[in-house]
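Chemist: Found this in TrEMBL, in case it helps:
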COMPBIAS  836-851  compositional bias 'Low complexity'
COMPBIAS  855-869  compositional bias 'Basic and acidic residues'
COMPBIAS  895-913  compositional bias 'Basic and acidic residues'
DOMAIN    259-330  domain 'DUF1736'
REGION    836-913  region 'Disordered'
REPEAT    446-479  repeat 'TPR'
REPEAT    564-597  repeat 'TPR'
REPEAT    598-631  repeat 'TPR'
TRANSMEM  90-111  transmembrane segment
TRANSMEM  140-159  transmembrane segment
TRANSMEM  168-186  transmembrane segment
TRANSMEM  192-215  transmembrane segment
TRANSMEM  227-252  transmembrane segment
TRANSMEM  347-371  transmembrane segment
Amino acid sequence: MAVVSWKEILLLTGLVVGCFWNSLSCGFVFDDVSAILDNKDLRPSTPLRNLFLNDFWGTPMSEERSHKSYRPLTVLTFRMNYLFSELNAASYHLLNLVLHAVVCVLFLRVCRLFLDKTSSLVAALLFAVHPIHTEAVTGVVGRAELLSSIFLLAAFLAYTKSTGVDRSIVWAPIALTVVLVAAATLCKEQGITVVGICCIHEVFVAQGFTLPSLLETLRQVLQGKGWFPYAVLQTLMKLIVLTISTLLLVIIRVQVIQSQLPVFTRFDNPAAVSPTPTRQMTFNYLLPVNAWLLLNPSELCCDWTMGTIPLVESLLDLRNMTTLLFYTCLALLAHHSLCYRHGSAKTVVMALSLIVLPFIPASNLFFPVGFVVAERVLYVPSMGFCVLFAHGFKIISQKGQLKRISWLILGVLLTTHAVKTFNRNWDWESEYTLFTSALKVNKNNAKLWNNVGHALEGQNNYGEALQYFLQATRVQPDDIGAHMNVGRTYKNLNRSKEAEEAYLVAKSLMPQVIPGKKYATRVAPNHLNVYINLANLIRANESRLEEADQLYRQAISMRPDFKQAYISSRGELLLKMNKLTEARDAYLHALELDRSNADLWYNLAIVNIEMKDPSEALKNFNHALELNSRHKLALFNSALLMQESGEPKFWPEANRRFLAYVEEEPDDANGYFNLGMLAMDANENPAAERWMRKAISLQAGFRSALFNLALLYSQSKRETEALPVLDELLRHHPQHIKGLILKGDILMNHKKETSGAKACFQRILDIDPTNVQGKHNLCVVYFEERDLLRAERCLEETLTMAPHEEYVRRHLSIVRGKIAAMNAAGQPLTSTEGASLAAAEAKAARAQEQAESQEEGRGADAGGQDRDKKNVRKSSAESGGVGVDPSESLGSSPSDKRTKGKSNKEIKDIEEKRAAALKRLEEIERILSGD
């Protein structure tokens, strides 16, 4: 009977929810980080076809570092999760829980084919609560097992309908089976093993053959005493179709991985690189280890690599007895199931097929895999285990004296398993809880010590993290990664000497290059990071730049395709050494290896900026954005480049990119500031004011934003609103000369507060006694105060400071003429014209400020902060972008105004405004001369 009732569905679903509901509070841990957080294939911006070109972790299948795990349908479900909830972990865990419930219901339906109603329900209940499934259900990457199992069971159920009531072949279910097998394989590789399960069911269950009867039929055919019965021919035809379909899937799978097996290190699977017979004895010993996890899942561990299970190196090792006992039990079960026709034999043969066949790809017996033991790969084999348990329970419970005891034992078992599963889920709450729980089971795995250290490092707890990393080096002294972790943590603790020593130890463990000979050893790319990390550490010392470059070149010589050496390391060093051509060539070579890497295009654009080639830089920024439309640095710096070009045609796109940038980085004041500068360029004053205000709200004391906002108010004839902004600017930056000049201008010209203006200009001279503009404006204040003699002395001093400034010489001549005229008239040396001179002079100064306002603050950094912290060093420090404060150009002498990057029209406008300023100075002369 194959029908499953609604009550049974609700029972299984309720049990699954009861055991796994707390998984919804777990985050992304362990392999989830690579498969979800770091996997660009989940993002909507990534073309959908990339799912079928990359492996499970988002790495192109053609790359050597790829794990060759081809599971596009599983990744597609991750992408659907991302579409609905982005990186909300709860939604991913919820879908896993639902999928596990679906598997349980399908498994119950399959069990009904060869178990009675009660026994099949017992098998399904045990499967629903078994603690070994925690990794497959609570770990998000375990979805590959869940999806593959759904299609595997569905394929098997479809195949069981391929025989008609008259024993004829029904081809539609077989065709459906092939499709479902392909789907199972595209979820996880073990899905293809369902073909073997179908074959065993066809031969030993559906047709009722036994191994002796098959051998006898074959013997008679070979001796010419008969031919295959019609039932056998029908079976062969169905099996041939399944076999051909399977071979096609295998061929396609081999083509996808380009006939290359993945590369694993000896730390991932020590037995895989061990000699004979150690390799064989260890791999065979792993079979009873996995069986014990199904029988007694009391000590579960998320990582069984490295030294978790010591190698079996001797025939006298007592663990070989465990292996022998396992094979003995397996042989007895196989003999019982293959040599008899009764119902018990059919149940056992199906249980064995579910245990053995899906486990073969992960067994290491035929080809090495990247782990020693992995609990999640026992998800499908546990189905066979549950069938065996339920069948044994049926036999025992039928004995009168054991019936009550057997039901009591079953209740206790289901309860303890459910509690164990529920508690085990909490271990997956975070990486720290997961790896510390694993260390309780096994303290001989350096990877676990490293991972706890990484979790603490993520919490900025470097001191405690260092202790775990050091323990990892003690557990596994030849673990290169552990020594690299120690070095990195010492660096974070500002202990550079100890960091360099740790990196040198890691470097000494790397295979040594023999000069003049081809380097043939295959090196894990992550181990090459020891050269990168060591070079990054020592290049902080300017005298060791060449030594750092030698380390980069050594890494590249070992792996010419090691892109990390180009992306963020050697190219930057060459820029620092001012070797621009070599830096450009390095990035061009890296692009030959990977033209789809947005960071490479971005870094090449930075080199173009350093080489004064902005048009090429913009092209390369655009390449980076074509590959990654949300590349934050490319958005910001390409927009900055467009803004600095001075070409109005670029302003709309620059505005769009800055808006995209602030969407990605809503707390970065620089994005809003540059939006404000663009709005000022376009004379959109309300928008400019809004953006400047936003920048200031995010970055208190943002110097350039405060000054430009005050300048905006001044230009808009809102001088009274400019004063509070200038006060805030000068409170944070009391030595901001241009702010003092603007404040003094407003106080003198608009507020008529000569004392306040005088204080501003005197403050400027206290800061910089050689400041001509401050000194000249102070002279104007003296004139305003009718102190002509002091004004004369002041202008004489100003002329001494700037002997080539003609306007100072003219003003001095005017004042002297005024003094002479007043002396001749017998008048006291005061002037009613002081206000006229002051007003005209202030207008002239403001005209200059307006002309120069176009120069102010382009790409200025909030508060002048060090943008290296955001990796904008590549774009700004030498390119006139972020990290400089061009506001310092305002108010300098007209002869040295900065017009770099301006259009001809803007330059002409500036010159016209300066001419107007000089015209106002001439008006001053006429006023005084006329008096």
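Cβ atoms here come from the backbone N, Cα and C positions, even for glycine.
Predicted, not measured: the structure shown is a model, and the values here were computed from it.
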Chemist: When DSSP states are grouped into helix, strand and coil, how many residues of the repeat 'TPR' (564-597) land in each?
Modeler: 27 helix, 0 strand, 7 coil
Chemist: How about the transmembrane segment (227-252) and the transmembrane segment (347-371): at least 3 CB pairs under 8 Å, pairs 6 or more apart in sequence, or not?
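Modeler: Between the transmembrane segment (227-252) and the transmembrane segment (347-371), contact is absent.
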Chemist: Over the repeat 'TPR' (564-597), work out the mean pLDDT and round it to an integer.
Modeler: 77
Chemist: Any contact between the transmembrane segment (192-215) and the transmembrane segment (140-159)? By contact I mean 3+ C-beta pairs closer than 8 Å, pairs at least 6 apart along the chain.
Modeler: yes
Chemist: List the helix, strand and coil residue totals of the domain 'DUF1736' (259-330) as derived from DSSP.
Modeler: 34 helix, 0 strand, 38 coil
Chemist: With DSSP as the reference, give the number of residues of the repeat 'TPR' (598-631) in helix, strand and coil.
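Modeler: With helix first, then strand, then coil, the repeat 'TPR' (598-631) has 27 helix, 0 strand, 7 coil.
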